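Read through the structure below, which is laid out as structure tokens, and then see the notes.
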Amino acid sequence: MPFTLGQRWISDTESELGLGTVVAMDARTVTLLFPSTGENRLYARSDSPVTRVMFNPGDTITSHEGWQLHIDEVKEENGLLVYVGTRLDTEETNVTLREVLLDSKLVFSKPQDRLFAGQIDRMDRFALRYRARKFQSEQYRMPYSGLRGQRTNLIPHQLNIAHDVGRRHAPRVLLADEVGLGKTIEAGMILHQQLLSGAAERVLIIVPETLQHQWLVEMLRRFNLRFALFDDERYTEAQHDAYNPFETEQLVICSLDFARRNKQRLEHLCDAEWDLLVVDEAHHLVWSTDAPSREYMAIEQLAERVPGVLLLTATPEQLGMESHFARLRLLDPNRFHDFEQFVEEQKNYRPVADAVAMLLAGNKLSNDELNRLGDLIGEQDIEPLLQAANSDRDDAQAARDELVSMLMDRHGTSRVLFRNTRNGVKGFPKRELHTVKLPLPTQYQTAIKVSGIMGARKSAEDRARDMLYPEQIYQEFEGDTGTWWNFDPRVEWLMGYLTSHRSQKVLVICAKATTALQLEQVLREREGIRAAVFHEGMSIIERDRAAAWFAEEDTGAQVLLCSEIGSEGRNFQFASNLVMFDLPFNPDLLEQRIGRLDRIGQAHDIQIHVPYLEKTAQSVLVRWYHEGLDAFEHTCPTGRAIYDSAYASLINYLAAPEETDGFDDLIKSCREQHEALKAQLEQGRDRLLEINSNGGEKAQQLAQSIEEQDDDTNLIAFAMNLFDIVGINQDDRGDNLIVLTPSDHMLVPDFPGLPEDGCTITFERDVALSREDAQFITWEHPLIRNGLDLILSGDTGSSTISLLKNKALPVGTLLVELVYVVEAQAPKQLQLNRFLPPTPVRMLLDKNGNNLAAQVEFETFNRQLSAVNRHTGSKLVNAVQQDVHAILQLGETQIEQSARALIDNARREADEKLSGELSRLEALRAVNPNIRDDELAAIDSNRQQVLESLNQAGWRLDALRLIVVTHQ
């Protein structure tokens, strides 16, 4: 190689050293100094792994003093390059910059610069980069983005609500589905969409204290959203890092009590600039015109400051009209400001509901009915649609569906309230109760008597709680030596049941963690029964492992022993046998227990087994729940109301279970109250609201479409390719499970989203639902999204060289494969990627500028190529550098037409979609006051900003592959 003192070269193998300078040489060796690191390297002159750094007219370079030069001309003087051009900071022309004075920290970011500087990537990395660009662009344009990546069953009514609400600007809605229909999942889907699209970045979830961990687990396990749990300790700790502790995290969960009991803390919450507020159990916010509760006022303050609000609540019929109005008032105080007016409005929606029922019935409509429909919809050009709906034509059903949709839009609260009932949603199992009456052991009788004497001053409520758990009373007196499980007949019954049902999975729930732990030991030691334990003292990871062991079909645990609190938020639909070792204190907890199995998607009827001890509070409670509330075999929306009204009497019977006088009358009274309330709730059902909420056929199609996307084989191939190139170890464990672990030779030392000890993944939704320890990999999973970012945000795979063995072409024939990216820069919340995601445009040019890309498909072509080592590649580049420059210029002239076409299409699509949505809502605003002014203003502003950003869209070269034809 011809070396001269002062020349600048770059190492092919250690590009991180920066630019080197030739400082010494003899007949055989050359020494380079790399000023940016202060290191020297000695190379053999004949075959050194270095590449001469040479810039061309049009490039911009930096001097060692920091100023930049736009090159107009390149001269050579005594083997050294001199660059002549315009200095950018002073705009002085004909400035010279000798190569020896170039900045040594020079970074080559453009693909062509990296290629000419010898920074040549492996061929497989170039292919990965192109695929990443292609798939990322496709995924941005896919419908239902944000709905595909969650670890949930594809349940139509949930998807319908999430799809509708998740795409809105700052949604403010009430989610009021009946228990077991998945309000938490609906809220999570909405959050996932809003965060993924950039519509929201900061989210606050406020829940009752007992549900904090449930939400934390659900958001992480189902949606890969890592929330921070704020309590007193975390709040105090965060005060050291920021004036407002809540600004230290983007996603926060806290309890309602934590939020409201400290004035400064509430102010900090209000000042933290959240994008979305989620409030669970919002029906506990007590409100009246004269005296709203402190909890209600705290949420009201937040709702005034946060643009998007999701309230999760019991059904409106359970709440009562005034309480229901109070929730709507939080969402839109301008719209819902007068309770009396609201009551009147609700009455006026009956004709709309009747009209929808009429259309759904499918019968021919009379002229009066057609006229009434026309009046309700109130649009001038509605006549053809009415005629089509009332005809025998093929499009009659479509016309009826459209009329129903138009009526829905005009329905008073259909945009702010979503409510599904079990009657309106199919797919729930039956519940069958099996009670097992067992004798009260003498040991317990003695302990209860002594406890009664010693606890004479206890309140009736405390005595009632004690009487529910006689083993706890016994343990208090006997201490650690009290082996209650040796004589408690419930233990014998449980062992007998499990041994006679060895092939069935059984969930056992008891109130206390200690009970669960003691039962596990007994089952294991006495009968060798494989039992997993699940309680609040375990970490989330430990609970995951226990749940995964329980989920394993062949070698897994037969039984899972859960404590009351530990089981919150976990669902085990793959099991259908539930044993309640004891009973919870109120109907809500009873429903929560059954709800672990009684979920939509449960494939079998649920067998509920209740072994109870006679003459204890358990015997009282089992009768009251079953005979008084019918709470075991059916969901009980009336349970809390009746529990509150019968509380005093019930407590006395629980505290003194042997005194049964009048108990039958109490049960009868509660049952009558239950039937009356239930009939009242049924009569008050808003059928129109249910139709709107469950989505009908449209929701079914949505679920089916996402299910079809689940079968995308491109994802598996791409993910494996990505993991290989990044350097992540993959161990196939069978059953569609793969274990990923970091290796010692990864592309980056710490791959975001991959734990140090690795993780188990699956591409199958069904497997992910049954194995909580396995992460469900989709295009929306952080591992894939982080992998795409890792490849595309850097220069991995942006320049490479390949050989094409093809005897039909002359040896030395040169082809250049160019990948341009057409893109627009804009704030994430504009969601510009809906219209113009970063879009790759591939070109395959010969030296005459002929583009062969359409004739030569990428994957087919890529398989015909072979790799070149970096050293040989650098020599090839130097030999054909001038030809490559010429081809690049031809590429620049050709890309403009393709890019302009993409940008124009994106502009047209954005204008049509956003203008259409704005026009639709403006028209509806005249007949439905629930469409907010700020929502209309936001859509209009969004449209203008999107179109302006698309006007400024451009393109750039993202990757480059040089291909040389060989016959060997």
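Yeah, the Cβs are placed from backbone N, Cα and C, and that goes for glycine too.
These come from Swiss-Prot:
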| type | residues | note |
| --- | --- | --- |
| DOMAIN | 164-334 | domain 'Helicase ATP-binding' |
| BINDING | Asp177, Glu178, Val179, Gly180, Leu181, Gly182, Lys183, Thr184 | ATP binding site |
| MOTIF | 280-283 | motif 'DEAH box' |
| DOMAIN | 490-685 | domain 'Helicase C-terminal' |
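Neighbour counts were taken at the CB atom with a 10 A radius for the binding-site residues Val179, Leu181; the maximum falls on Leu181. When the motif 'DEAH box' (280-283) is classified with DSSP, helix, strand and coil residues number 2 helix, 0 strand, 2 coil. Confidence annotation: the motif 'DEAH box' (280-283) carries a mean pLDDT of 88 in the model. Under the three-state DSSP scheme, Asp177 (ATP binding site) falls in the coil class. Cβ atoms within 8 Å of the centroid of the Cβ atoms of Asp177, Glu178, Val179, Gly180, Leu181, Gly182, Lys183, Thr184 (the ATP site) belong to the same-chain residues Glu186, Asn420, site residues excluded. Comparing the binding-site residues Gly180, Gly182 on other C-beta atoms within 10 angstroms of each C-beta gives the minimum for Gly180.
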